[in-house]
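If you check TrEMBL, you get these features:
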| type | residues | note |
| --- | --- | --- |
| SIGNAL | 1-19 | signal peptide |
| DOMAIN | 25-146 | domain 'Alpha glucuronidase N-terminal' |
| DOMAIN | 150-469 | domain 'Glycosyl hydrolase family 67 catalytic' |
| ACT_SITE | E307 | active site, proton donor |
| ACT_SITE | D381 | active site, proton acceptor |
| ACT_SITE | E409 | active site, proton acceptor |
| DOMAIN | 470-695 | domain 'Glycosyl hydrolase family 67 C-terminal' |
Amino acid sequence: MTSLRFVFLFLLISFSASAQKDYKLWLQYNSVTNSAVASEYKNNLKGIVVLGNSETIKIAEKELKTGFLDMLGSIPEIKQNIEGENNLIVGSQLDLSTEIKSELKADFEKINNEGFIIKSISLQKKKQIVISGKNDIAVLYGVFNFLRILQTNKSVKNLNIVDSPKTNIRILNHWDNLDRTVERGYAGFSLWNWQKLPDFIDQRYIDYARANASIGINGTVLTNVNANALILTPQYLEKVEALANVFRPYGIKVYLTARFSAPIEIGNLKTADPKDPEVINWWKTKSAEIYKRIPDFGGFLVKANSEGQPGPQNYGRNHVDGANMLADAVAPFGGVIMWRAFVYSEHDANDRAKQAYAEFQPYDGKFKENVIVQVKNGAIDFQPREPFHPLFGAMPKTPLMMEFQITQEYLGFSTHLVFLPKLFQEVLESDTHQKGKGSTVAKVVDGTLYQNKLTGIAGVANIGNDLNWTGHPFAQANWYGFGRLAWNPYLDSEIIAEEWLRSTFSNDENFIKPVKNIMIESREAVVNYMTPLGLHHIMDTGHHYGPGPWVSNLSRPEWNPTYYHKADKNGIGFDRSKSGTNAVSQYAPEVAKLFDNLETCPEKDLLWFHHVSWDYKLKNGQTLWNGLALKYQEGVNQVREMQNVWNKAEKYVDSERFNEVKMLLEIQLKEAKWWRDACLLYFQQFSGKELPAGVEKSTQTLEYFKSLKFPFAPGNG
Ligand code: GCW
């Protein structure tokens, strides 16, 4: 009996220990197993001196203690004063001694308000390490960065890190509804338990803030852009305030989505016309009410006149009128308006890809100072691959912020292993040529191209109340990588993958190398088995789960996959060249020329810009049909390779996460084949050609694939 109880207890403990691993994200703080590394750390870190006593500084101190204890087995002596050598001195510029301040003078001149310094210095001939910044939040960033050095087993000798975020607003967009469903959410329900707030503070809120702070995220939009006005009522604002109080010491500001018709819905006004004095006044009063509760409230994110959301156009006004009216309301309190450019009209059947540019570009220079226009990375909608959005670089007098989608609406939900920083990097590196060669999207976004003061990067969150936050253990890497790129849009995704793997799983090179490779490959894999060669938006309708290239009966033409691939007997692809919709003309002349010309258009974007015949010769000599089929097959093969690599990783990973990933990869393979088979059978009707050698034949018919229905696919309301 006793032994049975013991076994039970053991199982319970080992289960929860391993479940905790999933929950702990990239903050595992695994014990440092390399003894040389561990002794270097211990020798160089004998004491800790923490200066200041704000809540933020207390968080930083606690984090250091946890990190040291978990990674090195003990905490260096906590000292009140700097005595002896090899101390870690932690505190903001305001709290440093004159001597240290003057030692770091040049470094302080290099950093901005959120930047930090981690530096080995010598004080009265004694070696010390200082972590500092201009305020306590910056110190916290420094502490997390310092702990990352330990987590990734890098040396702490001769440290000299001076780093500042390159963008101001590094923000998650939660598409969370008040009923806790999450639009395009695949990791459970919303974290925000509105019913229990404000009195019940879930530990998750704190852990969420900590995780975000560890990667430099400094803002969160709590609510869906398809907005509900109720969030602006006192009943909910009280709850928002409670969350803001939790997030504040972690440097995270709260923002809300503003439903444009709120003055009517909750304010009893007859109109929401942005030029109506009563409406103007309503938003001013509402803003004052919010700031009274939350003095550091970030501002509003607005989706207006898009996909049925109300907006200024309902009153014969335009985006500038709407955005500026709200901007005036929050300006006295230092708030910003993030106005989305994701618009497309059902009345313009020509080319959806052109609409955001057509509507917004003429407004360049017309928005108020505290408005930033939020632009999706591509012109259609978060596809596995899209050429960069033509608005980037095309509005020199308007700050534009990037909107990436971290949640995998079009990339296999939380079931497929897809490392998104690779996608993000591709976009950020794209050269818009708008101000000559080297005018990359990253330079637009960080404000350096046109000297914009207000800058930002938003990511549509992939977080829910699943035990592991993101549904797929590897989807945590997308949250992590988003934060790292928001901090520094020039970071290489390989570095991000490596950091993440080391902090999340293991520092063993035999694990890192192959697993990093599959992460890096994974983005191309999903492109290959879903939408190779520039195909896009051929997912099944509504929920976007699985292939649906045949869908053609939706009320709005640009909702139909057939609108995007335009496959017929002559070929396939959307002609956006000069002889087609001329969408290419929205890019700078160099880029337009490149995309317009079949010879120079990158093959990865071929069918995005051109309708080409099934016999068109690709660069590798294959016909388009054969090349397309081989790409689909390649995608499937890549998933098999991911499985091979993962199976060999078993000894480096806890069994729970190992098995989760293994099962998920099994599903990913099944779905990759489903994509390949369904798309090839469908397109074959038009090409009339056999599959080339090397492409596996479907065991199902096209009718079978068409008959599949998923009434309860997640994330679809
Ligand atoms: O991609 C589409 C999604 C919608 C989303 C919209 C948007 C929030 O399918 O679910 O709505 O984009 O970005 O506004």
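Cβ coordinates come from backbone N, Cα and C, glycine included.
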Rounded distance in angstrom between the Cα atoms of E307 (active site, proton donor) and D381 (active site, proton acceptor): 13
Cβ contacts of D381 (active site, proton acceptor) (under 8 Å, same chain, 6 or more positions away): F342, Y410, H537
Within the domain 'Alpha glucuronidase N-terminal' (25-146), residues counted as helix, strand or coil by DSSP: 54 helix, 27 strand, 41 coil
Sparsest-packed of the listed active-site residues (E307, E409) - C-beta count within 10 angstroms: E307
